[in-house]
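Asker: Encoded as structure tokens, here's the structure I'll be asking about.
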Amino acid sequence: MAIRHDWTKEEILEIYNKPFMELLYEAATIHREHHDPNTVQVSTLLSIKTGGCPEDCGYCPQAARYHTDLEGNDLMSVNQVKAQALRAKESGSSRVCMGAAWRNVKDGEEFDNVLEMVRTINKLDMEVCCTLGMLTENQAQRLAEAGLYAYNHNLDSSEEYYKEVISTRGFEDRLKTIDNVRKTNVTVCSGGIIGMGETVEDRAGMLVALSTLSPQPESVPINALVPVEGTPLAEQEQVPIWDMIRMVATTRIVMPETQVRLSAGRTQMSREGQAMCFFAGANSIFAGDKLLTTPNPDVNEDMQMFKALGLNPQKPFTKKSQPESVDAENSKFQNLGEKPKWSRPGHTIERNLAAQGKSKKA
Ligand code: SF4
């Protein structure tokens, strides 16, 4: 099946709303045409700088303005990261994804340390991914030169619903960062969250935005919201497993080559539910007991599930060869000390404001 970049919302809605068994069958068929159905890529997500974020994402306990029980920490050292990466490798992960709670990357010592972390993990023969917020073209080039394999930057939801969740940056900034990453050989990981109160049309709208990118993202994480006390979305109801399976299947159909990543919310899913997601085309998970800050199944539990389902972890650099890491002293790219102007729409989101005003004990 040829990759299409002209999906419309109506077409995607028609797929999403098909009778369940037909949807599953179609997605599983496309999945088998493009991927080994018994192989699942396993990533470990590592929060290298936790909490204290200036943004107001309504789902996120790392936003400084909300009152949650989260304990923040400054940027980890390169040695700490190396030790964690080695542990992840021993337990079967092929990729380490480093997340920092930043609005955007700032040139300077901390970014230089992140570049060193990228070099260090790449030299362990693991795929390295980063999610550091908004990024300029020069910063993307520097990450690529350090040996970055993938950059994660989620669209979160449809462009329309994005405004109901985040007021401190615009949807167009997300697309601009993805575009900056695309100017390098780093692959793109971009997806979103369901269960934030969005409509099915919004879910389809997000898939339009992702599938019409050319090329489509190499990886698309589908997260189910994990409501955290103190955040604006704390009271949201759990997403029905059927919605998760439908979303995975629809993503698989409209983006046949992409790795569809079953991300946050797996602790709320049964093994049977996760198995249906794999059947519907999910072929990647995050391993480790924490997903940045929210709970995730234990690695051993995942390996037992893999055994029961006859699934095998994907080897690193199966989809694309390992990038080279250029050492800092041989870098072609300079620290430009950039101060880019990312947008700050600043519209009012009532539930975000209400959560800001609420004390933890209220
Ligand atoms: S999702 Fe990222 S940008 Fe948004 S508040 Fe959390 S850490 Fe900050």
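Glycine is treated like the rest: Cβ placed from N, Cα and C.
TrEMBL annotations: computationally assigned, not manually curated.
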Asker: Starting from the [2Fe-2S] cluster binding annotation in TrEMBL that includes C129, C189, R261, which of C60, C97 is the extra site residue?
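Answerer: Of C60, C97, C97 joins C129, C189, R261 in the [2Fe-2S] cluster site that TrEMBL records.
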Asker: Please go through the binding-site residues C53, C57, C97, C129, C189, R261 one by one and keep those whose C-beta falls under 6 A from any atom of ligand 1; give the result in sequence order.
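Answerer: Checking each Cβ against ligand 1, the ones under 6 Å are C53, C57.
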Asker: When you average the Cβ positions of C97, C129, C189, R261 for the [2Fe-2S] cluster site, which other residues in that chain have a Cβ within 8 Å of that mean position?
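Answerer: For the [2Fe-2S] cluster site the neighbour list reads S43, L45, R95, T131, A150, N152, S219, P221, S284, F286.
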Asker: In sequence order, what residues of the same chain, 6+ apart, have a Cβ less than 8 Å from the Cβ of C97 ([2Fe-2S] cluster binding site)?
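Answerer: Set apart from C97 ([2Fe-2S] cluster binding site) by at least 6 residues yet with Cβ under 8 Å, we have S43, T44, L45, L46, C129, C130, T131, A150, N152, C189, F286.
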Asker: C129 ([2Fe-2S] cluster binding site) has how many other Cβ neighbours within 10 Å of its own Cβ?
Answerer: 25
Asker: Just to be sure I understand the packing, how many Cβ atoms besides its own are within 10 Å of the Cβ of R261 ([2Fe-2S] cluster binding site)?
Answerer: 24
Asker: Can you work out the mean pLDDT of the predicted model over the domain 'Radical SAM core' (38-266)?
Answerer: 95
Asker: Cβ within 8 Å of the [4Fe-4S] cluster site centroid (C53, C57, C60 excluded): which residues?
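Answerer: Near the [4Fe-4S] cluster site, the remaining chain residues are E55, D56, Y59, P61, Q62, A63, A101.
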